[in-house]
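Beneath this line is the structure, given in structure tokens, with notes to follow.
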Amino acid sequence: INTATKSDDKGKKENDSADQTIKIGALLPATGVYASLGENVNNGMELYFEEHNWEVAGKKIEIVHEDSEADPQVSLRKLRKMIEQDKIDILTGPISTAVAYAIRDDVDKNKLPFLVSHAGGNDLTRSKRSDYIWRSSFSSWQIGHSMGQWAFNNVGKKIYLTAADYAFGHEVVEAFKEAYTNAGGEIVDEVYPPLGNNDYSSYLGKMNRDDIDGIYAFFAGSDAVRFVQQYEQYGLKGKIPLIGSGWLVAEDVRPQQGNAPEGIKSSIFWDYSLETEENKKFVEAYEKKFNKRPSIESLEGYDAAAIMAKAIESLNGDVSDPTKIVEQISSVELISPRGLIKFDKDTHHVIQDLYIVETVVVDGSTENKVIDTISQVVDPGK
Amino acid sequence: MSTLFLQMMNALSYGFLLFLITCGISLVFGILGVLNLAHGSLYVLGSYVGFSIIMKSGLPFWFALLVVPFVIAIIGLIIEIILLRPTYKLGHLSQVLLTFGLAYIFHDLFSIIWGKNILAVSPPEILNHSVEMMGYMIPAYRLALIAIGCVIAILLWYTQEKTKWGAVIRAGLSDKEMVGGLGVNIHLVFTLVFFFGSLLAGLGGVLGSPVLGMYPGMEFQILILSLVVLVVGGLGSVTGTFVASLLVGFVETFSRFFVPELSLIITFALMAVVLVVRPQGLVGRRI
Amino acid sequence: MLSLKEVNSYYGASHVLHGVDLEVKKGEVVALLGRNGMGKTTMIHSIIGFVKKVQGEVLFEGQNMAGLQSHQIARKGIGIVPQGRRIFPNLTVTENLTVFANMKGGEWDLERIFTCFPRLKEREKSHAGNLSGGEQSMLSIGRALMRNPKILLLDEPTEGLSPLMVGEVMDVLLMLKETGMSMLLVEQNISTALSVADDVYIISKGKVVYHDHPEKLKNNMDIAYQHLALSS
Amino acid sequence: MEKEIILSLRGLSKAFGGLKVIEDITLEVKVGEKIGLIGPNGAGKTTLFNMIAGDLAPSGGTISYFGELINSSPNYKRTQEGIVRTFQKNNLMLGLTVKENLLLVLQRMSKEHTQWWKQAKKGNYSTLFETANKILQEWGLSEYSESKVQDLSYGVQRQIEIIMAVAGKPKLLLLDEPTAGMSQVETDQIIGLINKLPSEVTIIMIEHDIDVLFGNSDRVIVLHTGRLIADDHPEAVRENPEVKEIYMGREGAVHA
Amino acid sequence: MRKKLIQGILLFLIMVFVPFFLSLYYVNILTEILILGVFAVSLNILVGQTGLVSLGHAAFFGAGAYATGLAATNISSNVFFTLAIGMSLAFLLAIVIGFVSTKAHGFYFLMLTLACSQMIYSIVYQWTKVTGGSNGLSGIPSPILFGSFELSNQVFIYYFILVVFTIVIFIISRLLHSPLGYVFIGIKENEERMKSIGYNTAFYKNLSFLIAGTLGGLAGSLYVIFNGFISPSDVYWTVSGSVLIMVLIGGAGTLWGPVIGAAFIVILETIISSYTENWMMIIGITFILFVIFAPNGIAGIFTSIQQVLFNRNKVEVEKSIIKPIKQQTKMDG
Ligand SMILES: Nc1ncnc2c1ncn2[C@@H]1O[C@H](COP(=O)(O)OP(=O)(O)OP(=O)(O)O)[C@@H](O)[C@H]1O
Ligand SMILES: Nc1ncnc2c1ncn2[C@@H]1O[C@H](COP(=O)(O)OP(=O)(O)OP(=O)(O)O)[C@@H](O)[C@H]1O
Ligand SMILES: [Mg+2]
Ligand SMILES: [Mg+2]
């Protein structure tokens, strides 16, 4: 049996070098709560490869899509399919951190280069680090930590913490807490509503107190919509400043929030409004192709595609050796729409700028505006 | 003291929101005995159609409130006549499978038609502000929900208790054939009740959308939430669902306030406790 | 008024009634006798439309009812007291009586039922499922009467009734007969059946094996026993 | 020798809410007695059975079985100890065949039922099959043995109801209107078989068919509005004017 | 019976040779089917035999999986040890949940099991220190069979799981036709009457719940052995829902139905979702077609085909013992 599988392995390699297409596996959710994130990452990748005629270093690029359903069990099944059936050369995805952790061992065992284009779990580039896993998006730590000092300087000395009760929320808030208290701030209290909570009124009631200078919130998706709306409806807006991660006021949730997010300040590694050449070009192309604004996940997809393309290029299209692929990925350095990005070779994690963004009302609807930059944030890796 | 008052108001408004979401399934499952797992989907469909009317076509909220329930009710009607009827003689497990299949189909239809993004609906202009009560701001829309909830509760209670419809349906549940033998077209009755159940789902969908919004997969959360409220109240009576909605509203709101760590577990714990103490729910009739 | 011509009834693949002919004239009480499992209930159910597969003609006031749904059949003026009572256990006694009532042109109303069966009056607010067996039988009869039918199908209406109540029910039936109501009565107690019947049928294994005037049988019960026992 | 007392009720009563259904019944039954229980509809006969069999908890009073208080013993335990009842309203495993219904009774008594590794059809179990076949044959129901109960006519289901109880080898058999819904031919047959049960089997039978009842009881008990109003030899009860008045009615004689 | 045994052995041998013909990918899918097959078979004891429709079976899967995962990470990764730990926790949980929920009937039972399993879910979800919270428990070491013989290869794991699966199926096939199995069916048909016949139905319902729960835990343990991770989404009620659907689609109350159902769902989902994003719609339509055209599940289709092809009497006896969907489960309480 052993020999059978081994020869199978060899077959794979031979096939690939003969083949003229490079297969990229995209393990992204197409159904369920995270479906829109998956769709946006996909769009970003497609935009990039379309701009390059789906060709890199003379080889055709093919994306193999599999619906992860944001479910680790399903994802693992799909991953195995992509490895065995589709014989993908590089993997990207997967949105959900739980999925990333679940497939980590199989990826590692199979020596499959895996460029994480969205999944924040700190451990992925810490205790669960693998030679074959590199992350181009962000870590929870980067998001939370970046705002600590800033909040102490610009918001106040006493802050109330709140986050959706799941690992991502906790990690972000922990990082913020660390930075903020180190800076000298005091966390007055914290509360963790469950993920997918539909009524924040009682939590807001707890936060509605006079002895705090602000609220730091981590919510995303429908939670962000509801939280920010109810923050306004229950009269906290204008009374207690709200800060948080960029997902609180992300491109794809703001339209649903009305004018409620006005004045929220958040930290994030890209914003629609960034005034760089690269970003303007990206935004324009994206809007032309998809007829809607890019979201941060679109950018993540776009960047991931760019990084993979760069790596393949420097290998002249020879993707037969996975160690070489990851080596090349690790050396990619580029000016992306989000600014300069490169990899930290120790942690396998991206080094990037973080922006402090304020939400303002322009012509009756909200826009984000970059008000500060924290440059080249490096995840500590432990 | 006044924070308690605020939480009371929150609990009340949340409770009524729950009632608006659950009254449809209370009618269809609690009273008609049809376990419709696609009920959450009908609710979400109501929200989405309402979204198209209000946010896309720019028509007034009230117009959507009037039209959408009927659209959903007609869709419910078609589902009942074509798909559900044959399952009545097969039993509940077949209904589980069938309506779960429907929910799957709806899930994909939603993302094909309305995309995968989160959507929200703005409340009607006149309610799009907050009212100050005892120094606290309370959204006017929530207060309006309390009023509408009361009206619907009374209407439902009246039809169930004071007309013979409730009795005919209960009779049909225990012996459909015999009801036919006594000259009542029980199929028609079932279809009508399903129609009204779907109507209420649509109504709940429109009314709930400014608060809850909609996103892929929401239907399953709504479904579970509704089922929990339904069993806490007990199957078979709108009164039970009403009581349970308020109870769940209060327990959830106050537990969030006092012991936020437990909020994920609290509804289910409440349900478990109620069922262990009273195996047929708070107000449930033994069917 | 009601006549069955060459009726064949099936449950799925099993053929239960084999070419049955039967007639109930206006104002007549027809008794249907037979051992257990011979097809009496099937016959009643074929008339009211509970049996799905019925071939042949079931004529009511000259109109063929085969193929109609049971609620349509019932609305033509056919009342039924089914076997096993089949009252609605989760409805109260009053609900059982009133919900399906048809007051148009009828003489039976709640009050009258309660005078006939005072026991029901005492239990009017109870759930019918809590009634005793005999009380349920009364309720089932009352429920059928409340529909003020033109013809009554009675499938062992006296089952579980005390002798006193059997007498009362028989009185009611006799009185109904006097007012011109037609009835098809299935009964196990032959003498009770014969005390009201104008015509008697005995069926065995889904076929009519005997049809005559009750007097014939009254004078000679052995005939009845013979025909009844024959089937074994 | 005086026969042992199998069942003794002391001050037994039952109320549903405010409705007193059984009031202060005291009664002793000796082993092997055949007792007829009559009373107008709603007198409380079935309720009394429910309490003896453990399907209903009494509101007051005691029930003793062979001198032992069984008030709090659950119904299945009483059945295991020999108190077996039939139901006035058919209560069977409708989706199973007649034989399977019967086998469930037989295997319970054979104590084999907790064995999951044995195959029902093999070993000892085949003797159960034979017993089942024998019983069905004896009761003239062989032709139905493989039919699902739900496909049978009402009267046949009533017969199975009785077989299920008799097959349980009762010491105290509670028959609730056994012959209701049965034709006369079947009634004769069933009663004949019940009479063939071993003489030490105690039987209490509720029956509205007074021919059957008076013909087969050593003692008749009359219940009226939850109270015991007569307890005597059949002939004495039959002549009792109060019983005539409340139970038999004018026509009582006609049926006799 | 003997014929069945020979058929079973043949099937087992075919399964043994599968890895020689199929690629690792298919072997993996097959392993997953076997695991979910065990899971579905265990639920079938409740749903198909005892008539207790549970929507909380994932709790046991989760209990088995987490216990196995934690034991393997922290104590020893010997398979037998971790399996035993997983099953023991599931067993204990089944005692508690069974005690609470078997008191309720029909739909209330369903909702009570749902409530209990959602509480387990919350615990798993929020007890981050132990369970890893929403990120799950990953990096669980490969199981060790004997001494230092690691089941590192997917094919070895397949064989191990195949053996366990075979044992479970054997046990269940005995149970299904055993006197105890009949008692369960009797309870499904008419619990009240079973009491009157002299069965302590509360005990038997708990027993059935225990067997089902423990085997459900076994499935969870196998899952961890196979995948090396477990996350809260595997304890969520949707998992209970999908295993219930496997049982229904396959044919409740039959031996192979649930396994076939598991295979059907896994294969359908895997294949279709690779071709279209809208796979849920196709699966949904399949469910509906099943209800309309094959209300007795796939096993029911087989029986009908057999009936048409062969002498029908033989099958009929079988069928009447194992009653498929026509539910007596009074969900209206
Ligand atoms: N639902 C059914 N499916 C299949 N066969 C049935 C069904 N109902 C009745 N039968 C069969 O039809 C035959 C006639 O039954 P029916 O109920 O008409 O008898 P009956 O004369 O009313 O008997 P009883 O005196 O016992 O009520 C019986 O052999 C019975 O087994
Ligand atoms: N669960 C209950 N709740 C309320 N009342 C009940 C309940 N069970 C029985 N009763 C009432 O108690 C009385 C006695 O009922 P029971 O069934 O014992 O009568 P019975 O003597 O068996 O009559 P029958 O000869 O008609 O069967 C009836 O009037 C009935 O309505
Ligand atoms: Mg009959
Ligand atoms: Mg009685």
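Glycine residues also receive a Cβ, built from the backbone N, Cα and C atoms like all the rest.
Packing against the transmembrane segment (E:6-27) from elsewhere in the chain are residues 154-155, 158-159, 162, 166, 169-170: each is 6 or more residues past its ends and has a CB under 8 Å from a CB in it. Positions annotated as transmembrane segment by TrEMBL: E:6-27 (among others).
For the transmembrane segment (E:34-67), same-chain residues at least 6 beyond its ends with a Cβ under 8 Å from one of its own Cβ atoms are 82, 85-90, 93-94, 97, 101-102, 106, 109-118, 120-121, 124, 131, 137, 158, 161-162, 164-165, 168-169, 172, 175-176, 181, 184-185, 187-189, 204-205, 208-209, 211-224, 226, 230, 232, 234-237, 239-241, 243-244, 246-248, 250-255, 257-259, 261-263, 265-266, 322, 324, 327-329, 331. According to TrEMBL, the transmembrane segment annotation covers E:34-67 (among others).
For E:79-100 (among others), the entry in TrEMBL reads transmembrane segment.
For the transmembrane segment (E:107-127), the list of distant contacts is 52-59, 62-63, 66, 93, 97, 100-101, 133-134, 232, 235-237, 240, 331-333: same-chain residues at least six beyond its ends, Cβ to Cβ under 8 Å. Here TrEMBL flags E:107-127 (among others) as transmembrane segment.
Feature annotation from TrEMBL assigns transmembrane segment to E:156-185 (among others).
Residues or ranges marked as transmembrane segment in TrEMBL: E:206-230 (among others). Long-range Cβ contacts of the transmembrane segment (E:206-230) within its own chain (Cβ-Cβ under 8 Å, at least 6 residues beyond either end) map to 31-32, 34-36, 38-39, 41-43, 45-46, 49-50, 52, 54, 57, 60-69, 72, 79, 82-83, 85-87, 89-91, 93-95, 97-99, 101-102, 136-143, 151, 157, 160-161, 164, 168, 175, 180, 184, 187.
Same-chain residues lying 6+ beyond the ends of the transmembrane segment (E:242-267) with a Cβ under 8 Å from its Cβ atoms: 29, 32-33, 36-37, 39-41, 43-44, 47-49, 53-55, 57-58, 61, 169, 172-173, 176, 185, 283, 287, 290, 296-300, 322-325. As annotated by TrEMBL, transmembrane segment applies to E:242-267 (among others).
Annotation source TrEMBL lists transmembrane segment at E:279-302 (among others).
Outside the transmembrane segment (E:279-302) by six or more residues, the chain places 245, 248-252, 254, 256-257, 260-261, 264-265, 268-269, 272-273, 324-326 with a CB less than 8 A from a CB of the stretch.
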